[in-house]
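Asks: If you scroll down you'll find the structure; I have some questions about it.
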Amino acid sequence: MIVGVPREVKLDEYRVAMIPAGVEELTRAGHHVLIEQDAGLGSGLFNEEYAENGAEIVATAREIYERAELIVKVKEPQPAEWELLQPGQMLFTYFHFAASEDLTAAMQKAGITAIAYETLKGTKGDLPLLTPMSEVAGRMSIQQGAKYLERPQDGRGILLGGVPGVAPAHIAILGGGVVGKNAAQIAAGFQADVCILDINVDRLRYLEDIMPPNVNTLYSDRHNIREQLQRADLVIGAVLIPGAKAPKLVLEEDLNMMKPRAVIIDVAIDQGGCFETSRPTTHSQPTFIINEIVHYCVANMPGAVGRTSTYALNNVTFPYVLQIANLGLAKAATRIPGIVSAINIHKGKITNQAVAETFGMEFVSF
Ligand SMILES: NC(=O)C1=CN([C@@H]2O[C@H](COP(=O)(O)OP(=O)(O)OC[C@H]3O[C@@H](n4cnc5c(N)ncnc54)[C@H](O)[C@@H]3O)[C@@H](O)[C@H]2O)C=CC1
Ligand SMILES: CC(=O)C(=O)O
Ligand SMILES: [Mg+2]
């Protein structure tokens, strides 16, 4: 199979969907890999390294899209890429369809098969192709929160860990999944006072067991969320209902009860965000202020630490790329657990229930 890897064009995206080791394995299995020139530069990977491992370096994205049967990417295709897609082509990447009806309609119209990293289910009900990027974003959310709490960055002027004689920051984390757990671990290391809220009581039980004493848990209901908003210096949005739009847990009016210049990091923004006032931002312009609350809503947080994220992403995506290339999609879907759950659009039809429900569209099983 011809596998193509374009350079990411989303603003401030430094990841690449394949590392040279992946090229070598695919080539050894008899496939042909096209890598767009300089696709790896943002992650410190050079054209020569890809070429030495068997890749053909291609000058333009257009040529990749014209020739490849399977395109492997990191971020959802940007509008400039939509017209390059070929009917019948497979595109394996993050899509986050529920956050964009325009993207959904464009992919239907393009006639591609959209295989989404973020809905591929593992055997334990986990999301193995989302997990490593959630680990990155969860850890990074505290790093970013610490930065934007500094007064020159418009924050309240709070040091996460406090100092002897002065209280640490209070951090509320909405959602105790992968992002939430990783955020809590880093926040705890900073000696902040942390509270994780979730609706899954078994998950809260697990978190309570593994977390240090400065991390507490609370059931996520409106009462507890509002109580936490009043106390928090930093709030992390980390909820997910796979495939669906994120629930709006914090309404605009709720911001009035928060401390002025408290910081919100809405990691869930890629699924539409869990704060009513969130809108997607970029690493170049990550924050905005509404009602005296600093909002950080970058939809590709791991893109900023491309070197770490590229390797973490490839570790989990590559085995699926190889299987799809080896078997073709139809066979891979019957033999490899998880692949069917990743197919969100096939021949213009929505094949993911949550996405279909989000837009009131017809669902067709793959
Ligand atoms: N902005 C970015 O760059 C990135 C964003 N993400 C996003 O972060 C979000 C979270 O991802 P993961 O942690 O991997 O998901 P996860 O599935 O591991 O965890 C989500 C948690 O939210 C909980 N939850 C659902 N409804 C809730 C509610 N009403 N109140 C409290 N908790 C609730 C679930 O019980 C679950 O424990 C996703 O939208 C994901 O796409 C992930 C990586 C990068
Ligand atoms: C998960 C996701 O949206 C990202 O890594 O950018
Ligand atoms: Mg994202």
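Heads up, the Cβ atoms here are built off N, Cα and C, so glycines get one too.
The domain 'Alanine dehydrogenase/pyridine nucleotide transhydrogenase N-terminal' annotation in TrEMBL covers 4-137. According to TrEMBL, the feature substrate binding site maps to R15, K75. What TrEMBL records for H96, D270 is active site, proton donor/acceptor. Residues or ranges marked as NAD(+) binding site in TrEMBL: S134, D198, R203, S220, 239-240, 267-270, R279, 298-301.
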Asks: For the domain 'Alanine dehydrogenase/pyridine nucleotide transhydrogenase N-terminal' (4-137), provide the mean pLDDT of the predicted model.
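Replies: The predicted confidence over the domain 'Alanine dehydrogenase/pyridine nucleotide transhydrogenase N-terminal' (4-137), as a mean pLDDT, is 98.
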Asks: Name, in the order they occur in the sequence, the residues of the same chain whose CB lies under 8 A from the CB of D270 (active site, proton donor/acceptor) and which sit 6 or more residues away.
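Replies: Within the chain, D270 (active site, proton donor/acceptor) has Cβ neighbours under 8 Å at Y94, H96, A99, E118, P280, A299, N300.
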Asks: Which of R15, K75, H96, R279 has the fewest nearby Cβ atoms, counting only those within 10 Å, among these recorded positions?
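Replies: So among R15, K75, H96, R279, the recorded positions given, the one with the fewest Cβ atoms within 10 Å is R279.
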Asks: Cβ-Cβ under 8 Å from I269 (NAD(+) binding site), same chain, 6 or more residues apart: which ones?
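Replies: Non-local contacts for I269 (NAD(+) binding site): A99, G237, S278, R279, P280, T281, C297, V298, A299.
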Asks: Identify, among the binding-site residues V239, V267, the residue whose Cβ has the fewest other Cβ atoms within 10 Å in this structure.
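Replies: Looking at the binding-site residues V239, V267, the Cβ with the fewest others within 10 Å is that of V239.
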Asks: Including all protein chains displayed, how many Cβ atoms other than that of M301 (NAD(+) binding site) lie within 10 Å of its Cβ?
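Replies: The Cβ of M301 (NAD(+) binding site) has 27 Cβ neighbours within 10 Å.
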Asks: State the Cα to Cα distance, in Å, between V239 (NAD(+) binding site) and K75 (substrate binding site), rounded to an integer.
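Replies: Here the two Cα atoms lie 20 Å apart.
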Asks: Within the domain 'Alanine dehydrogenase/pyridine nucleotide transhydrogenase N-terminal' (4-137), how many residues are helix, strand or coil going by DSSP?
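Replies: Each residue of the domain 'Alanine dehydrogenase/pyridine nucleotide transhydrogenase N-terminal' (4-137) counted once, the result is 52 helix, 21 strand, 61 coil.
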Asks: May I ask for the distance between K75 (substrate binding site) and S134 (NAD(+) binding site), taken between their Cα atoms and rounded to an integer number of Å?
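Replies: Pair distance, Cα basis, whole Å: 14 Å.
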